[in-house]
Amino acid sequence: MVMRYVMSIDQGTTSTRCIVFDQRGRLVSVTQREHRQHFPRPGWVEHDAMEIWRNLERIAPEALRQAGVGLEEIAAIGIANQRETTLLWDRRTGLPLRRAVVWQDTRTNALVDELAARPEAAMVQKRCGLPLATYFSAPRIRWLFDATPGLRERAERGEVLFGTMESWLIWNLTGGPDGGLHLTDVTNASRTLLMDLATLEWDADLLDFFGVPRAMLPQIRPSTETYGVASRVLPGVRIGAALGDQQAALFGQTCFAPGEAKCTYGTGSFLMLNTGTEPVRSSHGLLTTVGYQVGAEPAVYALEGPIAVTGALVQWFRDGLGLINSAAEIETLAKTVDDNGGCYIVPAFAGLFAPHWRSEARGVIVGLTSYITKGHLARAVLEATAWQTREVVDAMNADSGLALRTLKVDGGMTADNLLMQYIADVLDVPVVRPMVAETVSLGAAYAAGLAVGYWPDLEGLRRNWHRAAQWLPVMEPERRAAEYDNWCRAVERSFDWMRPRD
Amino acid sequence: MSNDPREGATLWTVPGPVQSIQRGAAILRLLARSSGRLGVGEIATSLGLPRGTAHGLLRTLQLVGFVEQDDATGKYQLGAALLHLGTSYLDVNELRSRAINWADALAARSCESVKIGTVLDGQVLVVHHVFRPDDSLQTLDVGSLLPMHATALGKVLLAFDSGASATLGAGPLDAFTRRTIVEPRALARALAAIREVGWAAQVEEMTVGEAAVAAPIRGHGGLVVGAMGITGAVERICDAKGQPNTALVTFVRDAARAVSRDLGASRW
């Protein structure tokens, strides 16, 4: 039987999706299942890892059925996953010790402040490329130890395993307690605060700093490599890749050359720039991370600018204010006026991420006059996403010394023409959307197909990439400069709002 | 539209009142009259309906947007769609965001550019455009207006929307090429044929050397909310006899049906 397809598993924050792709990178079938979001306390977000595993058990065979494809026709499985979500499970029973602590969870706030006050804290960012923040996994492991008597000792004895979601799925697919493989890939490992960015190995000093025993950690492997063969759910199929979801989107957008960048526009947005085989240390508020590692080749690094609130601002406009019925209608409302009328919205709902990293900032609407209508507000909502992108792009250009020439975009917000045009206008570079919008899944499929020789090389993948739409900048330079100046002044007004509690 | 054979047929069998529509109308009146939201129990009691029947009717009304349910209390009120009845059935940007994946897939399969159009003041408004996947230089056509009678998208919209065809008037239509249909009666015949087969073609009627195929996008209840189609060089779209390639027609119809299903049209 000819191996005709590759399957991707995208284990995301709200759902798990399986997609079957053909050799030209076209979708053959899609199945999806949402899982519950648990919010046990303010700031806490948890997922039930067993529910996620059961969802996969259900949708993976369903995707094959829908495509009319047999197991023997699948060349490989590639996994993309929500990053930094932290799970501990029992090696012997295969059961999670408690629910997974999700990347949005901020329970480690106080712990992170405490760790940051220690003299060795300066070493963290130098070694792993990331600032010490609640966003990443290591403080969560430490929090779980502190909250559960005896857990650290069990972890030291190797009875308890740590993993992000790709580790959990690979361990289960390859047998679970019955010989499951405990591993992670370099991109996911680079988000833990525990990996040395230069050696791509767990770092003894970082493990000491966070108090994490090595025995519980998965083995770090390249992003594309045949890790093993599934014994459950998709028995006999090779597992060929794992990547964090944003890195998978970078791969799916075929940003294989230094200077190529993509931005995925969803609830939040993530801009990622390929910086080649040397990590670029940011001095402008960006994260240094691993982009991907193909087999035994040197790892490719990336600069990342996460923006916390983009699509979420549109959702708030719909659900919180009730000014529109669906997210897409924001464009209709924004088009009822010609400009923002002098109004700007800075959506610092939970502080600002890249490039500011101001946790005490809160959202502001400035420039309100009696002239402002809901149409102007709708424009300001869309423009906020564009200006936040501009801030991150400026930081990337400054850090990397490369001037961005084109921005490849994906994600749900790319359906908004007005927004895409505005992004091209404020960045003053062309914005292009690829034919396959599912770039996270496609990237995981590409990586897996590459591992098993289903696709020959990166150039072969590039040939699959086609432009579906392109927006060219048309804004006058003077207007761009004046608007950017207004935006920067609006951002300053969002700073220093929250006061430290006594 | 006297050419439509189905229109004549309905004249012969006039059915009696449909009970569920009467009950649905009663629910809407009840909700319009009440100051706050109503629960399913209150509605059932008020109208003397079994709770299950009332629930089924409410679910259907909710599906078409005529009533809305409050997430927290589970109570019902009149839906926003009812307030805009006749003005904006489906927001064009909503249509684009719901159709975008299927339009991409159609472009990938057909290797041609894809457009989605709706009616605006007697013309076709292009609401979505996917480039032909050959990475040649192309410009985004979203927002441009096309003539109804000389495009495949426009003919689909004319065929399934009698309001739109009324805007064309009785006089001769503009000719763009020598193949443009300019005679109103010839156009009426062409539209009847389009209704019959469920898709439209345009062969060098707008631009010499160019052809197109389009099919209707339907919403709830089968109402046509837009048209979706491909455009390309006539030698790629048509066979040697000048007829649209059947494989391409199938791609277009399947894609338009897929969008229709997503929008809630059950039969298509």
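Cβ atoms are placed via backbone N, Cα and C, with glycine included.
Because the structure is a prediction, the values reported are computed rather than measured.
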Identity of the sn-glycerol 3-phosphate-site residue among A:Tyr135, A:Tyr301, A:Tyr344, A:Tyr371 (reference: A:Thr13, A:Arg83, A:Glu84, A:Asp245, source: TrEMBL): A:Tyr135
All-chain count of other Cβ atoms within 10 Å of A:Ser15 (ATP binding site): 14
Distance check against A:Asp245 (sn-glycerol 3-phosphate binding site) for the binding-site residues A:Ser15, A:Gly311, A:Gly412, keeping those with Cα within 10 Å: none
Residue with minimal Cβ packing [other Cβ atoms within 10 Å] among the binding-site residues A:Arg17, A:Arg83: A:Arg17
DSSP-derived class (H/G/I helix, E/B strand, else coil) of A:Arg17 (ADP binding site): strand
Overall pLDDT of the domain 'Carbohydrate kinase FGGY C-terminal' (A:261-451), taken as the mean: 93
Extent of the sn-glycerol 3-phosphate binding site in Å [max Cα distance among A:Thr13, A:Arg83, A:Glu84, A:Tyr135, A:Asp245]: 15
Distance from A:Thr267 (ADP binding site) back to A:Gln315 (ATP binding site), taken between C-alpha atoms, in Å: 8
